[in-house]
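Notes to accompany the following structure.
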C-alpha cells in the first residue's frame, strides 16, 4: 500500500490539480476582498480568548507575532517570507525585529500592492518583495537566516519539493516556522473535511505527515502547537464578508466560515523546525 507521502507526490503530479499559476490568478482576483476582510492580512486571526470580540487587524497582528516569537530573528538577519500576500506580515516582523525580510508570492497583484504599501515606506533595503514560486526558489544556497510560511504551504501541490527548496536556501541552524491548516486524518472521512475537499485544492495533509516531510527535507521538528480553538472565531469574519459580497466569492466565504466553525477534525498548526 502506498504511503501518505507517496500519495501526496502522486497528487502533485496530477495535471487536474491547480498549478501555481492558477493559485496566483485566484489571489490576483481576491486579494483586495481578503485584505479588507482580514484587517490587511491574508491569514486568519489568533484569539487568546475566543469569547472576546476583537478586530480583524488586532487578531491578525497577534497571529503574525506568534510566528515571530517562534522564529526570533536577530537584528539584521535576512528572513524569507514564503507566501507574503500583500506584505503586511512581512513589514510587521521586519519592524519588530529590525530584520531584513524578503517576501515572495505567486500573485503579481500582491507583489504590486506589497511594494506600493510597504516596500516604499520601510527603511531602504529592509523589505523586498518579488514574484517567485516556493517550489522553485530563485535564491542561492544558505542565503537566509530563517523563514516562515503563513497559510501558503496549504496551496502547494508538491510540499516535499517546496520544503526541500526552503531548506536549501536556509543556513544550517536556521529556523522555519509554519502556520497552516492541517487535518486530523489523511483523507476526508468526515463531513467537514469532505466539504473542505470540495472547495479547496490541493487536499489537506495531516500534521504528522507535514512533520515527516520536514524531516525528509532536512529539518528537525522542535515544536508543534495546535491552535484551532484560537483561530476558530475567524469564521465570523468570513461570514460577515460573505454576506456583504454575495455572488460566487461571497458564497465561497460563507462556506469557509461554516467549515471553520465546525472544524473539530480540521486543525491549525504552528510548527517550529530547525535546518540541520
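Each residue, glycine too, has its Cβ placed from N, Cα and C.
From a predicted model like this one, the values you see are computed outputs, not experimental measurements.
According to Swiss-Prot, the protein carries these features:
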BINDING   110, 133, 134, 155  S-adenosyl-L-methionine binding site
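Taking each of the binding-site residues 110, 133, 155 in turn and counting other Cβ atoms within 10 Å of its Cβ gives the largest count for 110. Look at residue 110 (S-adenosyl-L-methionine binding site): DSSP puts it in a helix. Once the Cα atoms of 110, 133, 134, 155, the listed binders of S-adenosyl-L-methionine, are compared pairwise, the greatest separation found is 16 Å.
Take the mean position of the Cβ atoms of 110, 133, 134, 155, the recorded S-adenosyl-L-methionine site; other residues of that chain with a Cβ within 8 Å of it are 20, 23, 24, 82, 83, 104, 105, 106, 107, 132, 152, 156. Long-range C-beta contacts of residue 134 (S-adenosyl-L-methionine binding site), restricted to its own chain and to partners at least six residues apart, with a cutoff below 8 Å, comprise 82, 83, 104, 106, 149, 152, 153, 156, 162, 165, 166. DSSP assigns residue 133 (S-adenosyl-L-methionine binding site) to coil, not to a helix or a strand.
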